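Quick notes on the structure that follows.
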């Protein structure tokens, strides 16, 4: 079977998205299953948008135990589910599919992935600008509101999408061209700019735009040091790599599926060792 041409699930856990070349989810979850002595395998299922509905139907038929959901399916998959958690409903996007009492549900563990690394900085987060308007940006806005950031806005290359997200969360929408016009304490990149295999050399923020910025959180985790993080560090700005978000959302997914907690320190070591080995 060529996984790039077939959406039929062949394992008990996996990840859907399009494309999927950058994902480290199989590494983390297969390690977790082995660590806990649990049966099953976690595999990538590259799923183009036109085949999403068929994939979900197949996942139901085979009772796949758990599915991670990434770009571009985090919102599009919702109509094909039996329901979503309160958190996922509030975010308006899902990144995790799981079963409860015979129902296929969606949850959003991206929120946990964002809150965990930002929580130590909570008191210093006077303002924040989220870049992007997709599922990741929605999770970021929800998490930042949960952390108590009152001065919060979103900016996206397509202004209409930014305004729609802003209305949902009761925050401001900043035109893309004006995103550096004022100082923001925190910048969150929720776009795919900088992603390995895509626009790897691109950044959503100009090199000369870090005046007044105290912290940058890049949700892209592969590579660890994106162009945005390199530029921010060169400007003396503290940075949080997307690897932190990936780790925490993945740990939350694994617990949701299996009821088992993985060791955070060992999981982080696993991911860092792989990134070093692969040069990511």
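Note that Cβ sites are derived from N, Cα and C of the backbone, with glycine treated the same way.
Values in this document were obtained by computation on a predicted structure and should not be read as measured data.
Residues annotated as active site, proton acceptor in TrEMBL: 74. Every protein chain shown contributes to the tally, and the Cβ of residue 74 (active site, proton acceptor) ends up with 25 other Cβ atoms within 10 Å.
According to TrEMBL, the shikimate binding site annotation covers 23, 24, 25, 70, 95, 110, 221, 249. In the three-state DSSP scheme, residue 95 (shikimate binding site) is classed as coil. Neighbour count (other Cβ atoms within 10 Å of the Cβ, all protein chains): 30 for residue 95 (shikimate binding site).
Under a cutoff of 8 A between CB atoms, and with a sequence separation of 6+ in the same chain, the neighbours of residue 219 (NADP(+) binding site) are 114, 136, 140, 188, 189, 190, 242, 245. Residues annotated as NADP(+) binding site in TrEMBL: 86, 132, 133, 134, 135, 136, 156, 157, 158, 159, 160, 161, 219, 242.
The annotation domain 'Shikimate dehydrogenase substrate binding N-terminal' is assigned in TrEMBL to 15-97.
Taken from TrEMBL, the feature domain 'Quinate/shikimate 5-dehydrogenase/glutamyl-tRNA reductase' covers 126-170. Within the chain carrying the domain 'Quinate/shikimate 5-dehydrogenase/glutamyl-tRNA reductase' (126-170), a Cβ under 8 angstroms from the stretch's Cβ atoms is held by residues 71-72, 74-75, 87, 90-95, 108, 110-111, 113-115, 118-119, 176, 178-179, 183-191, 204-205, 219, all 6 or more beyond its ends.
Summarising the annotation, TrEMBL assigns domain 'SDH C-terminal' to 242-272. Residue counts for the domain 'SDH C-terminal' (242-272) under DSSP, helix first, then strand, then coil, are 26 helix, 0 strand, 5 coil.
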Using residue 23 (shikimate binding site) as the reference point, find which of the binding-site residues 86, 133, 135, 158, 160 has the shortest Cα-to-Cα distance to it. 135
Can you give me the same-chain residues 6 or more apart in sequence from residue 110 (shikimate binding site) with a CB-CB distance under 8 Å? 91, 93, 95, 135, 136, 139, 140, 143, 245, 249
Near residue 160 (NADP(+) binding site), which residues of its chain come within a Cβ-Cβ distance under 8 Å, counting only those 6 or more away in sequence? none
Helix, strand, coil: count each for the residues of the domain 'Quinate/shikimate 5-dehydrogenase/glutamyl-tRNA reductase' (126-170), based on DSSP. 23 helix, 11 strand, 11 coil
Same chain, 6+ residues apart, C-beta under 8 Å of the C-beta of residue 70 (shikimate binding site), given in sequence order: 15, 16, 17, 20, 23, 95
The largest Cα to Cα distance in Å among the residues 86, 132, 133, 134, 135, 136, 156, 157, 158, 159, 160, 161, 219, 242, listed in the record as binding NADP(+), is 29
